[in-house]
Amino acid sequence: MNINDGGRRRFEDNEHTLRIYPGTISEETIYCPIPARKNSTAAEVIDSLINKLHLDKTKCYVLAEVKEFGGEEWILNPTDCPVQRMMLWPRMALENRLSGEDYRFLLREKNLDGSIHYGSLQSWLRVTEERRRMMERGFLPQPQQKDFDDLCSLPDLNEKTLLENLRNRFKHEKIYTYVGSILIAINPFKFLPIYNPKYVKMYDNHQLGKLEPHIYAVADVAYHAMLQRKKNQCIVISGESGSGKTQSTNFLIHHLTALSQKGFASGVEQIILGAGPVLEAFGNAKTAHNNNSSRFGKFIQVNYQETGTVLGAYVEKYLLEKSRLVYQEHNERNYHVFYYLLAGASEEERLAFHLKQPEEYHYLNQITKKPLRQSWDDYCFDSEPDCFTVEGEDLRHDFERLQLAMEMVGFLPKTRRHIIHYWLCSIVNCLPVCVHYKVVAVFFEICGCAYLSKLTMFYYFVKEEMLFEALVTRKTVTVGEKLILPYKLAEAVTVRNSMAKSLYSALFDWIVFRINHALMNSKDLEQNTKTLSIGVLDIFGFEDYENNSFEQFCINFANERLQHYFNQHIFKLEQEEYRTEGISWHNIDYIDNTCCINLISKKPTGLLHLLDEESNLPEATNQTLLDKFKHQHEENSYIEFPAVMEPAFIIKHYAGKVKYGVKDFREKNTDHMRPDIVALLRSSKNAFISGMIGIDPVAIFRWSVLRAFFRAMVAFREAGKRHIQRKTDYNVYELTFISILENTMPF
């Protein structure tokens, strides 16, 4: 029996209680508890509600899911399963479903024209519109303007008035402010009831700036501009870590799909709903500034027909922070999924996959790691545990939520088992493997060889001695002979770390590819189908930590390019257009960061190109890299070097100065698995592991489709043979039976 069967069967057989709020449909009832199982559909729940509340059966009802009190409503299709959607809610929402700010299900009445009846919504909108018109005509006094919803309208535009205006709006829970066509969002760190249906209706097909600033207005303008101009649109989200970029992306994507589906949750929206927790588990981690920080950038493209109906979607990821897998700074953690696995696995799974507590794994307790020892004999990975738990976190619930989300996206049980158990356990269990050298000619042994046997026997399915050899030695071919040379301590650790990072990166790429396949629509592949799209770019925010390395260097360079794009389109090109049209205009001075971008990326002396040169030189060191930076750019005003002998350099970014330590710059720039390890893992007897290593995931998928086609064809042919055989046997039996009747009937 599969060791997952017990836990999964308990989850599927459990009877849950859904609290349905009927609202004005049954005003004497606050909520109605309805028992339901995982596979109970919305139609079945509504039937139970009609019988329990004695509702009018001639009317049509639908269930609506609200993501927080006052939040936007998503209408469930009759075949949707409310319990499955409920299990994706945060743990606090499940524990406090009677509180004022919870996730909940509402019962709504469906009108004859297919729209949803919201009671007083239309009258509320009508009164609001009439009041606005009366104020415009002077019949009602204008409200005293204490703040401006567009910073361009400030009478005196400077840093002080700008910040003061944002502060005043934030005090009144106005978190959105325009700067022309740009929207500034300030993270309130709490949910505000400004995302419900009345706001969806308010901003539908309205010109930007006519109403109070809102993220729905940006989505609505992009959607209608796409339909009217027949051109693709893109929304760029930028900001510091913890500023709310990911949540803003979720609001945009949900609203863009809602505009297409008229409030009904489409298949695309449901897959995106499931894809969110999956990408969050594998790509988010706790940092010093944010307990749920995205450690990768993503671009989500929603594809539409020319009529505005959603066709499908596409997700592309950028800059996965692979180094986090092997090292974390103080008060930071590895990726969420490892803690989910170690906390949520059943006892059978813990025994079968040899799982321990997080503090027992080297890659999960890097926070207070001791300095690297120079001697092999006293080298050790012991460290003190730190920040393994986060206040208010329920890792067991998060693990169940991840399992259900993967099921919603389309990962089969066997695939989920391979990903969560074989693949993740193979990474987390290679962590204790370190190399121990004894001063005997070419003699090695692995510290904790039981871990190596475990890796080869349970996870990689390769020969133990071959994995041992690949981890501790390298092969060099000279004229007429082949040399096997032992690694130094630091080299062996680098090889092991590169293997773990490459394995995790390959897994993440494959998961993103499978999500894209689930989001893909067959019409996307038809060349004669005209499609439009809206893209949402959610990339890393600008980062400046106590210790900044190659990851922060890449992230901040990406933000420099975004800032340059902003400058080009908002200031430079706009002012050039004013001059071309002869408009009287005083040029606005702005900080042009072109010089900073050239410092980093311009050929042939940009920092990135100098780094590539040093990465290809076997005798290069951190000091030679720093010396090359100094030699080429010592006179550049955008780079500084500390006065003391410190292996670091300082870049003047648009957002301020950032100091980068050059340690591990070269290693991270050339981070990849050695060819002998790639060849070894590709020879694995486990098809999932061998197929994942070193091969394009698209090629893997195409081969799996081809293999499935031939298997289906063979199965269909065998079924046809059995059908013909059964038909032949039936005809023989029928003839025999008739013959017997003829011989026995009296005439």
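Placed from the backbone N, Cα and C atoms, the Cβ positions cover glycine too.
The feature ATP binding site is assigned by TrEMBL to Gly239, Glu240, Ser241, Gly242, Ser243, Gly244, Lys245, Thr246.
Per-residue confidence over the domain 'Ras-associating' (14-112) averages out at a pLDDT of 80. TrEMBL lists 14-112 with the feature domain 'Ras-associating'.
The domain 'Myosin motor' annotation in TrEMBL covers 146-747.
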May I have the list of same-chain residues other than Gly239, Glu240, Ser241, Gly242, Ser243, Gly244, Lys245, Thr246 whose Cβ is within 8 Å of the Cβ centroid of the recorded ATP site, in sequence order? Asn187, Asn290, Gly541
Composition by DSSP (helix, strand, coil) of residues within the domain 'Ras-associating' (14-112): 26 helix, 28 strand, 45 coil
